[in-house]
Amino acid sequence: MTKSVTVKDLKERLNLELICSETGLERPILTSDLSRPGLELTGFFSYYPEDRVQLFGMTEISFSEGMEPEERLKRYKQMCTKRTPAFVISRNLEVPKELVAAAKEADIPVLRSRLKTTRLSVYITNYLESRLAPVISMHGVLVDIYGLGVLITGSSGVGKSETALELVKRGHRLVADDNVEIRQEDELTLIGSSPAIIEHLLEIRGLGIINVMTLFGAGAVRSSKKITIVVHLENWDPDKHYDRVGLDQEKTKIFDMDIPKITVPVRPGRNLSVIIEVAAMNFRLKNMGYNAAEQFTQDLNNLIGHNSSMND
């Protein structure tokens, strides 16, 4: 699932000036890629990415000023197709009247920005990539723990929300409860957030729905967070083998990404919030180059080797 974005959304997000064709602001933008139509101004249309936002900078405007008005109008009309979402002019450059005429005829918005072309292209691309990223919904709770986005999963009633509440009381921040919307912004980044209708809310069985921001303040919540690790809670199974050393690293797949996963068995007497908090701290430590399990194994092997040599 992807969220739709219109030219109007882009205009409002980047505070762009509308030059013409207000009725065309509802045109959809289907790709985050931009087009700098330099070759098209020379008449080369063998490959014209018509479905992209067409960005004009100093180069395109300066080149078009050297063309005859009739030829300039012809080129702009060729650029105006049913799939073209908008034309954007950078640097507050003067918009060619032929472009305005062609865009009005095709009902395509022409927008203008004060920003330099390179910076404007970065802002547009980043915004569109974020809005057009594929999105899925997952059942779970997302909490920011020591700067790491920890997605807590598990079956209904296992204690995810109660654990999140305890983590918030310990100074961490809630991102989403029950329904986590996850979007893949690029090949290495998953961003989790909450649906607007349940943002900052936490459902506790026997207590009901509470507003975390109202109870604990603005510092106890955040709107989105990059997902770094998944902690899966499951009821303790006495017949199942659970990792006791920490050498093996589980993975779980979200979209096409493998995310580190820790399975935590749940049974009375276990303080889940502390376990998850320490799991996040230990994960950070591993990323910094220290692995307690590997160090223990190495020390144990050294001790065994030393004792063996002594016996020999």
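Backbone N, Cα and C define each Cβ position, glycine as well.
Segment annotation: Swiss-Prot labels region 'Important for the catalytic mechanism of dephosphorylation' over residues 265-270 (candidates 31-36, 49-54, 223-228, 265-270).
The two recorded residues Val158 (ATP binding site) and Asp178 (active site, proton acceptor) have their Cα atoms spaced 12 Å from each other. For the binding-site residues Ser155, Ser156, Ser161, the ranking by surrounding Cβ atoms (within 10 Å, all protein chains) places Ser161 first. DSSP states for the region 'Important for the catalytic mechanism of dephosphorylation' (265-270), grouped as helix (H, G, I), strand (E, B) and coil, give 0 helix, 2 strand, 4 coil. Spacing of Ser155 (ATP binding site) relative to Glu203 (Mg(2+) binding site) is 15 Å (Cα to Cα, whole number).
Local packing around the active-site residues His139, Lys160 was summarised as the count of other Cβ atoms within 10 Å of each Cβ; on this measure the leading residue is Lys160. A separation of roughly 8 Å, to the nearest angstrom, links the Cα atoms of Asp178 (active site, proton acceptor) and Glu203 (Mg(2+) binding site). Gly159 (ATP binding site) counts 19 other C-beta atoms within 10 Å of its own C-beta, drawing on all protein chains shown.
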